[in-house]
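Novice: This is the structure, below, for whatever I ask next.
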Amino acid sequence: MIWLVPLLVLLYLTFTRRWRCKNEPPLDPGLIPWLGHALEFGKDVPRFINRMKLKHGDIFTVRVAGRYVTWLLDPHSYDAVIDDPDALDFACYAQVLMERIFNLQLPLQQPAKAKAMMKGYFLGTSMSTLNSTMGRHLETLLKTETLQNQRNWKKEGLFNLSYSLLFRAGYLTLFGGEQNNNSTDPCRVYEEFKKFDGFLCKLARGTLGAEERKTAQSVRRRLWELLAPAGLTESSGSSRWLYAYRQLLQEDGVDEETQRKALLMQLWATQGNVGPAAFWLLGYMLTNPEALMAVKRELGQISRMENSGTPLVQRSENTPVFDSVLEETLRLTTAPFITREVVKDKILCMADGQEYLIRKGDRVCLFPFISPQMDPDIYQEPQVGCRFFFKQLRRSCSAANSSCSACLRDVLEADFGVISISGCLCKLESESTQHRERSDQELRATQGSAEHGNRNRDDGRGKDTHVSFEKQNNK
């Protein structure tokens with residue numbers, strides 16, 4: 001009976017092994033049954049994909065944990081994937097992620113309705129209104145911090161400073177209205193969201209340990225409770241978009257508990273990327289003197305516009321240098337997967353004229369970080385951030401080039417937020433310099449008065465007294 005074991009293994013490998021058919025992309029299933037390349041893929045995604053690209057070219061299929069994934073790395077062919085929702089569907093994969101990350105199940109058509117509704121609130125004059133509101137909250141938060149620390153400088157890590165300020169300002173703009181008007185402290189929401197964000201990747205992959213799963217579920221429940229009052233009524237102080245979103249959920253028959261889960265999903269979608277993007281942007285400027293000086297000059301012009309009474313939203317629209325630094329930072333740091341499920345066999349037409357058959361049941365992934373963002377054929381020394389675009393160029397799919405209103409909102413929030421932070425910090429630096437100058441002037445005036453008084457004395461001790469004053473002052 002022992003001979004049955006190797007026979008069963010042989011039969012399993014024979015009937016589960018996939019063979020490349022005519023006109024299909026190069027197939028690389030890996031050496032380990034079922035797992036395939038999962039271990040290498042999990043360790044270092046860009047390195048693995050680069051190795052496969054050198055081996056197979058711009059399109060190939062690999063096996064990862066039982067799934068066959070076709071990677072397309074030719075940016076000129078990305079539109080063939082993005083523009084075919086009939087054969088290449090995102091909704092199914094999105095439903096899987098919603099359930100894994102947010103424990104959320106929505107009606108199938110609901111996300112499409114929400115997306116269509118969102119465009120009315122995050123484009124045009126509505127976006128300008130949101131920008132104005134967010135700018136007001138940012139300035140209020142920054143002034144609150146400075147008022148509390150007038151005597152002593154407060155030390156804060158750059159990441160936490162960027163993330164905290166932009167998250168709280170964004171939360172107040174979309175979810176919270178004025179501070180504490182719905183009895184929810186934005187600082188508490190931020191702290192809980194930070195914990196939740198730390199589990200997000202493992203939640204998406206389904207790789208949480210027992211203790212991690214318990215903690216993640218507890219944090220998620222606390223966030224549901226904190227978000228419960230947001231958007232319930234028009235007078236709740238939340239944005240018009242959030243109130244309309246909750247109305248849409250109610251019309252679709254979504255219960256109160258599920259609405260709270262949906263609000264957490266929207267909180268992550270609207271605030272999860274803005275703070276980290278602002279951190280990388282500030283870090284990039286601080287470590288690149290040329291970029292920092294160019295942005296400072298441009299912000300100086302914005303400050304002059306401020307003195308003329310120009311609204312901050314209009315001031316932030318004419319910043320070509322800053323925009324170029326933002327785009328270069330996004331090129332260096334953003335690495336999203338664009339994923340589609342193959343719901344029916346498809347002939348994929350490449351930009352070079354080649355045609356490949358993509359099988360139903362597979363998954364197609366685009367990874368713009370490899371190409372065009374880090375492609376040495378496009379950028380010389382792509383790991384070095386030194387490129388400035390002072391006009392809009394025609395670019396293929398990239399992190400900074402998207403028609404998605406949510407992506408545009410994130411970029412605008414990061415742009416607007418960093419301009420506000422930088423402007424405020426420049427103002428603080430200027431006020432600090434002025435304060436030091438006033439202190440020096442007062443000190444010199446005091447010294448001059450002491451010297452003048454000592455010189456008018458007749459007891460002969462004026463010079464010694466003046467020296468003693470200087471020594472004490474030096475101490």
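In case you wondered, yes, glycine gets a Cβ from its N, Cα and C as well.
Quick paste of what TrEMBL says about this protein:
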- 1-21: signal peptide (SIGNAL)
- Arg100, Leu106, Asn273, Arg363: substrate binding site (BINDING)
- 434-475: region 'Disordered' (REGION)
- 434-443: compositional bias 'Basic and acidic residues' (COMPBIAS)
- 452-475: compositional bias 'Basic and acidic residues' (COMPBIAS)
Novice: Give the three-state DSSP assignment (helix, strand or coil) for Arg363 (substrate binding site).
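Specialist: DSSP call for Arg363 (substrate binding site): strand.
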Novice: Identify, among the binding-site residues Arg100, Arg363, the residue whose Cβ has the fewest other Cβ atoms within 10 Å in this structure.
Specialist: Arg100
Novice: Sequence gap of 6 or more, Cβ distance under 8 Å: name the residues on the same chain that satisfy this around Leu106 (substrate binding site), in order along the sequence.
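Specialist: Set apart from Leu106 (substrate binding site) by at least 6 residues yet with Cβ under 8 Å, we have Gln95, Met98, Asp252, Val254, Thr258, Ala262.
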Novice: Counting across all protein chains shown, how many other Cβ atoms sit within 10 Å of the Cβ of Asn273 (substrate binding site)?
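Specialist: By my count, 19.
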